[in-house]
Structure formats: structure tokens, C-alpha cells
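Taken from TrEMBL, the feature substrate binding site applies to LEU13, GLN14, GLY15, ARG28, THR69. Here TrEMBL flags CYS32, CYS36, CYS39 as [4Fe-4S] cluster binding site. The S-adenosyl-L-methionine binding site annotation in TrEMBL covers TRP38, CYS39, ASP40, GLY71, SER113, PRO114, LYS115. The Mg(2+) binding site annotation in TrEMBL covers THR41. According to TrEMBL, the domain 'Radical SAM core' annotation covers 19-204.
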Amino acid sequence: MVDFRIVEIFESLQGEGYNTGMPAVFIRFAGCNLNCTWCDTNFRKFTRFTLNDLMTKVSKYKSKNIIITGGEPTMVKALPELLLPLKKAGYFIAIESNGLGKVDPLIDYIALSPKFCYQSRYKKIAQSTANEVRIVAENHPDFIDFCQYIETHIQAKHYYLSPCEKDGVFNMFETIKLLGKINQNRLDNKWFLSVQSHKFANIE
Ligand SMILES: Nc1nc2[nH]cc(C(=O)O)c2c(=O)[nH]1
Ligand code: SF4
Ligand SMILES: [Mg+2]
């Protein structure tokens, strides 16, 4: 029988991006194909859940929104075996992905966070459509070029820069300066600010 490597499951509010404030059950899968220096998730420590364990656990929460995250959830081979029963049970399923893997068509809402520190890996784009893109802001001369590259290669409704957190400190000033740069010479802003608001609200 398949089992899923799960870091944590919890109910909270979406802290980031367009759906900030949306109540959701977060399913955090173990494993990632990247190793960002500022990663805030220990995706190596996990518990095994069967499909039944997962469905039972999720059904105990109030929310009918699921956010599949990680780690990198597109690397979970058995994911479709979970998505189908979740869809049948009426859940709205969102995913948080770094964009290097293809997102299953059963997913209802796609948030992609391509990583500047691994820009060479994005020469081939696996997932070229999304509902929203969020890039963690980094102070580097090539950063704006990367954002522009992503904007032309990933079609999305919303584009965001997110301040990077290291040891509780956010590069907020750097981020808004980068937003100013990336939006200059446009009639309408295309890039907006997304903060990890849950970290300010002291919720999961
Ligand atoms: N509240 C809350 N919102 C989130 N949105 C994306 C998260 C993630 O870790 O992928 C996350 C998270 O960890 N907590
Ligand atoms: S892609 Fe996300 S989960 Fe993976 S190492 Fe980077 S920040 Fe962490
Ligand atoms: Mg998080």
C-alpha cells in the first residue's frame, strides 16, 4: 500500500499571496529537489501516513480548502492517489510549488515560487501556467532579469515579490526597492508585495 511522507498537517490561514486569510488545511510533504539557504521548513523529518490516515485526519478539520505544500509536493509520485479522493470528497485543492515539476491537473489553484538562487534550473520551465507567482526577493544584480524571465515564461494572474526571512529578519526595504525597479516604466504595476503574514500574526 502507498504511504505518504508527511512533515505536518495543520489548519491555519493562508499567510501569503492573493488568498491571504483563506482558511485552509495545510498538508506539508517531506522532500525537496532544492536546498535554499534560507529555507524555513525542515522537510527531512516526516511521519508516514496511509491514504486512509490522511483522509481521516483531513476530515477532522472544518475547512474544505487544502493547501498542498512542502518541501516540493510535485516530487511526490503518489500524489494523484490522494488528489482524486480529496476531489471526490469536495475539497478545493491549492498547491505551493517551486515550479520545477509539473503540477497535476486535478489541482484547483497553483502558486509557484521559482527560486533565483537556482535560476539555471529554470532554463526549461516544467509548469508554465499558474494562478500566482511569488519570488523571494534577493539583492543581486541579475535578480530583476530573473523576474522578467519568469514573467514571460510563466503565465499567471498575479506576480509577487516576497521578503526573505533570515533569523526573524525580513529584507523588506530591499524588497520594496526591487518592486519599484521591476514596475518602473509600466502604466500599471504588474508585481505586488506578498509577505509571510502568518509569521507576523504568530500563527502556523
Ligand atoms: N499560514 C501559512 N501560510 C502559508 N502559505 C504557504 C506556506 C508554506 O509553507 O508553503 C504557509 C505556511 O507555512 N503557513
Ligand atoms: S524550494 Fe522551498 S522547500 Fe525546497 S529548499 Fe527551497 S525554500 Fe525550502
Ligand atoms: Mg511556510
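Using N, Cα and C of the backbone, Cβ positions are placed for all residues, glycine too.
Nobody curates TrEMBL annotations by hand; they come from automatic prediction.
The structure, with features from TrEMBL marked on it.
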residue : record                               : DSSP (3 states)
LEU13   : substrate binding site               : strand
CYS32   : [4Fe-4S] cluster binding site        : coil
TRP38   : S-adenosyl-L-methionine binding site : coil
THR69   : substrate binding site               : strand
SER113  : S-adenosyl-L-methionine binding site : coil
Binding-site residues close to ligand 1 - of GLN14, CYS36, ASP40, GLY71, SER113, LYS115, only those whose C-beta is under 6 Å away: GLN14
In sequence order, those binding-site residues of GLN14, ARG28, TRP38, SER113, PRO114 whose CB lies under 6 Å from ligand 2: none
Of the binding-site residues listed as GLY15, GLY71, SER113, LYS115, the one whose CA lies nearest the CA of CYS32 ([4Fe-4S] cluster binding site): GLY71
Near-site residues: substrate, ref LEU13, GLN14, GLY15, ARG28, THR69, CB cutoff 8 A to centroid: SER12, GLU16, ALA24, PHE26, ILE67, GLU96, HIS198, GLU204
Rounded to the nearest Å - Cα separation of LEU13 (substrate binding site) and the residue listed as 'Mg(2+) binding site': 17
Least buried by Cβ count (within 10 Å) of the binding-site residues GLN14, THR41, SER113: THR41
Other residues, Cβ within 8 Å of CYS32, CYS36, CYS39 Cβ centroid ([4Fe-4S] cluster site): LEU34, ASN35, TRP38, THR41, PHE43, GLY71, LYS115
Closest of TRP38, CYS39, THR41, PRO114, LYS115 to THR69 (substrate binding site), Cα positions, binding-site residues only: THR41
Neighbour tally for ASP40 (S-adenosyl-L-methionine binding site), based on other Cβ positions within 10 Å of its Cβ: 10
Candidate binding-site residues CYS36, THR41, GLY71, PRO114, pick with smallest Cα gap to ARG28 (substrate binding site): GLY71
Local confidence of the domain 'Radical SAM core' (19-204) - pLDDT mean: 98
Minimum Cα separation from CYS36 ([4Fe-4S] cluster binding site), reported as the residue among binding-site residues GLY15, GLY71, SER113, PRO114, LYS115 that achieves it: LYS115
